[in-house]
Ligand code: M6R
């Protein structure tokens, strides 16, 4: 996690770095720092807190001059978030300065060795160890910065995206990557470095992404020199033109990114199937699936790996693939899968789902499955992300940048992509008749307008939020396709409002959680008409008899649940397998409003970061 930004060129580096760090705060926000070279020396400012705190501190304490600088926004791994542990870190001589996203696992043994050689350390971080190791190599071997970085990185175990410069050679920045993302923006006589392209998109569309185990020497007036860290072999830069635009990464009039992203869902879902779903022709076109159709059709099973919200989308996909395409599916937490010695064969297809495309556990699961010969397919949102590059084939969700830490449009667009794949396979396998297939495609095309309709319930959801904002515990129940939605609803509430919440399959309630129900327990129940409706109604009766408060998500026009529940929120009718795309929306809005009413930071909840690039 952590966000890194660097600049070398002819503009003032400071405003670029600060704005860039603000855009990268989704990656971590417990402390921040900046180092600027003013022509003579390095001016360093670091603070616990957010980038705004850094701005106030640096603008009153250091010179902001200079066209070379690096900055960092941190999600603490080694050492508590405080001023000293914040990046950038200086080497003992004060000549080298570094920013780092990742973890150096063997930092302790290196630190002990450096201490023996007379080095002193001020912070608890692994990063300060790395910059001093680079300094030691540089001095001992008499090499330039680039070579010293390379030798030092060959001694470390762990993950990193780093940027480092030498005050004695202020025309270059050296960067390297293993496991954490690093993009380089290439302008006219200027270069930008960042964890993603958002910090430099208004300056240049030309960018390249470092691959794992690559490093680059970025020197003013010169071509970027790329090398493999291990064997020093030359790599040729693959410069791309990015499609991202600046409006996509700003709030566009909404108070929070999360709210903007909730409201973007009709458009995002449409963008996900645009050009892929051709209902009039009865066709789904997805290059990544089309080119590998035999792999899917001959698969023994599909294994889905993901984390968090993406794992919930995977659970929805399990229902969809098995129900519609009759293909056996297993859904696994990537973090468990990678370490449990799973049985994988070359007849398995592994689908990895990830919004960011950078989640460390999901990446590791992909590598494991590839080693064992499985065909690996990625469902990612971030174009060019590590997972999208590591997989054999894939499909982007096209949701546009998701900045709010709580995933919203990523979830619904992941489900949309997975539905398209399942429908395509159902058709290819002959499980679906042409007319059933056609009906599905047409209904999928209706989903964006139905999501618009659900969004109209925002004011009602806000009223419900006001009633339950002080709850200390909540239960979320759903069955079938809506069981994962219950899990997702509970996760949304936990992560942004810090209320304890549990999601359960409704029928499991009587095997334990029912003991929790009393007049203080709000229970959010998804009770749409097609998903085991009568059974869920019975579950609602059970809650009511124990005086639990019932907030039900129901199909438009429902009377039976309305009579039982304390509050109902309606969603339009649709096919059962498509209901998660609608029922999840009120739960997203609910957690948003509750978090806001409790004074929580909706877009940057405590202890979290958007991309979890550490295991
Ligand atoms: O980028 P990914 O989809 O791989 O991220 C997975 C989880 O870290 C993510 O979904 C997380 O659970 C969100 N904060 C949930 O809102």
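Count begins at 1; order follows the chain as displayed.
Each residue, glycine too, has its Cβ placed from N, Cα and C.
Heads up, TrEMBL stuff is auto-annotated, nobody curated it.
If you look up TrEMBL, you'll see 2-221 marked as domain 'Glutamine amidotransferase type-2'. Residues or ranges marked as active site, nucleophile in TrEMBL: 2. Under the heading domain 'SIS', TrEMBL lists 292-431, 464-605. Residues or ranges marked as active site, for Fru-6P isomerization activity by TrEMBL: 610.
This prediction places the mean pLDDT of the domain 'SIS' (292-431) at 94. Long-range Cβ contacts of residue 610 (active site, for Fru-6P isomerization activity) within its own chain (separation 6+, distance under 8 Å): 26, 27, 356, 402, 403, 405.
For the domain 'SIS' (292-431), the DSSP counts in helix, strand and coil order read 65 helix, 28 strand, 47 coil.
The Cβ of the residue listed as 'active site, nucleophile' lies under 8 Å from the Cβ of 27, 28, 72, 73, 74, 75, 87, 100, 101, 102, 180, 195, 609, each of which sits 6+ residues away along the same chain. The domain 'SIS' (464-605): residue composition by secondary structure is 72 helix, 30 strand, 40 coil, according to DSSP.
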